[in-house]
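**Q** Following this message is one structure expressed as structure tokens.
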Amino acid sequence: MRVWIFFLICLAGTTLAAPTEEEPVVEEEPFVEEEPIVEEEPIVEEEPEVGANPVQVETGEFDEAIEIGEDFFPENPCLNHHCKKGKVCEVDDSNDPMCVCQDPLTCPAPVGEFEHICGTDNKTYESSCHFFATKCALEGTKKGHKLHLDYIGPCKFIAPCLNNELNEFPLRMRDWLKNVLVALFERDEENNLLTEKQKLRVKKIYENEKRLEAGEHSLDLLALDFEKNYNMYIYPVHWQFGQLDQHPIDGFLSHTELAPLRAPLIPMEHCTTSFFEHCDADKDKYIALEEWANCFGIKEQDVDNDLVI
């Protein structure tokens, strides 16, 4: 009997403990300890310095070299290497510049006859490029030593210069040199054709009321003007010598230095060659300042090296 009573009591307890409705089972998430929240400071990007590359890195940050996709071409050493006329620059096996004779076939074709020049070998060359390339190829030979630029234009017959014509030549040359300087002075405001010292000397000639104006004048008038206004001609004669004495500046005029003056004159003044040969009094192939001044009738006491500079 006691057993049944105990059994009933246990059954009743079990019934009371059971739920009346089935409740959904909720799975609990595993507990994770939260880290304390720390407020981050705003990131401020540093601005690159003016002119700096914003993506550049400090030197040494990478040990290995960075390959650049573009090909690297070293600067041509001939760009700043000067060669005299008749020669061109080439590089040797060590990439060093050197000057070699130019092939005349590489010279540009002349535009017209005005580019032709006549050599002292009485041969017409298509242009100065062709002439100097040919002269370079003859360097070291007797023919090359004698070959010079004679005058501008095709070779033609030049009448011989008579003695009386040779005496008249300096009259026209002196007057021409004076007028060249005056013309430079008139156009020299912004062109810097003359130095300040040169301007002061030419200004005295330019403002002189007795100056004979440029134009066609008789030989008698030119001779009279030189006698009366002798001082006006001293500086132009010295100035022209200084303009020619450039390669090198040594107080002597070589055949090459005379070329810029004589080459354009010969076709117009057939006594030009004879005049310069006459100026070389000692026949040493060079014209000194004293010889030059004497050819133009400048007195020995008026020859002044300071006027050349």
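Any Cβ shown, glycine's included, is placed from N, Cα and C.
Note that the coordinates shown come from a computational prediction; the quantities given were computed from them, not determined experimentally.
Among the features that TrEMBL reports, signal peptide is placed at 1-17. TrEMBL lists Cys78-Cys89, Cys83-Cys99, Cys101-Cys136, Cys107-Cys129, Cys118-Cys155, Cys161-Cys271, Cys279-Cys295 with the feature disulfide bond. Taken from TrEMBL, the feature domain 'Kazal-like' covers 100-157.
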**Q** May I ask for the distance between Cys129 (disulfide bond) and Cys279 (disulfide bond), taken between their Cα atoms and rounded to an integer number of Å?
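**A** Per the Cα atoms, Cys129 (disulfide bond) and Cys279 (disulfide bond) stand 29 Å apart.
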**Q** Averaging the per-residue pLDDT over the domain 'Kazal-like' (100-157), what integer do you get?
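**A** So the average pLDDT across the domain 'Kazal-like' (100-157) works out to 93.
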**Q** Using CB atoms and a 10 A radius, I'd like the single residue among the disulfide-bonded residues Cys99, Cys271, Cys295 with the highest neighbour count.
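**A** That would be Cys271, with the most Cβ atoms nearby.
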**Q** Determine the most Cβ-crowded residue among the disulfide-bonded residues Cys101, Cys118, Cys129, using a 10 Å radius around each Cβ and all protein chains in the structure.
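**A** Its Cβ has the most other Cβ atoms within 10 Å: Cys118.
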**Q** Run through Cys83, Cys155, Cys295 for me and report the disulfide-bonded residues whose CA is within 10 Å of the CA of Cys89 (disulfide bond), in sequence order.
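**A** Matched disulfide-bonded residues: Cys83, sequence order.
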**Q** Based on Cα distances to Cys155 (disulfide bond), point out the closest of the disulfide-bonded residues Cys101, Cys107, Cys136, Cys161, Cys295.
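**A** It is Cys161, whose Cα lies nearest.
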